[in-house]
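A short worksheet on the structure shown next.
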Amino acid sequence: MTKHELFERLSAILQETFDIEPARIVPEARLHDDLDIDSIDAIDLLVRLKPVTGQRVPPEVFRSVRTIQDVVDALYGLLGSDSAAA
């Protein structure tokens, strides 16, 4: 899956789950400051990302993410490390 595809999937999840307007979902948008995603919402997001990655997303992957692009990069790295391990 490409980073663009991950961004599109993440965008759809944010729109459907948190009712965020598509125009606000840009790579540099900060989850907490710009999109009002709090720690409880982040857990819900992790759960909803499981079908995208095909695996449970470890919470430690999300500790350092601040922006939409950070999430995309973290997921891309997770998918890359998973396919490298296979």
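Just so it is clear, glycine is given a Cβ too, placed from its N, Cα and C backbone atoms.
All annotation found in TrEMBL is predicted automatically rather than curated by experts.
The structure displayed is predicted, hence computed values, not measured ones.
For reference, TrEMBL has these:
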- 4-79: domain 'Carrier' (DOMAIN)
- S39: O-(pantetheine 4'-phosphoryl)serine (MOD_RES)
Which numbers of helix, strand and coil residues does DSSP report for the domain 'Carrier' (4-79)? 49 helix, 2 strand, 25 coil
Taking the Cβ of S39 (O-(pantetheine 4'-phosphoryl)serine) as the reference point, list residues of the same chain whose Cβ is under 8 angstroms away and which are at least six residues distant in sequence. none
I'd like to know the mean pLDDT over the domain 'Carrier' (4-79). 94
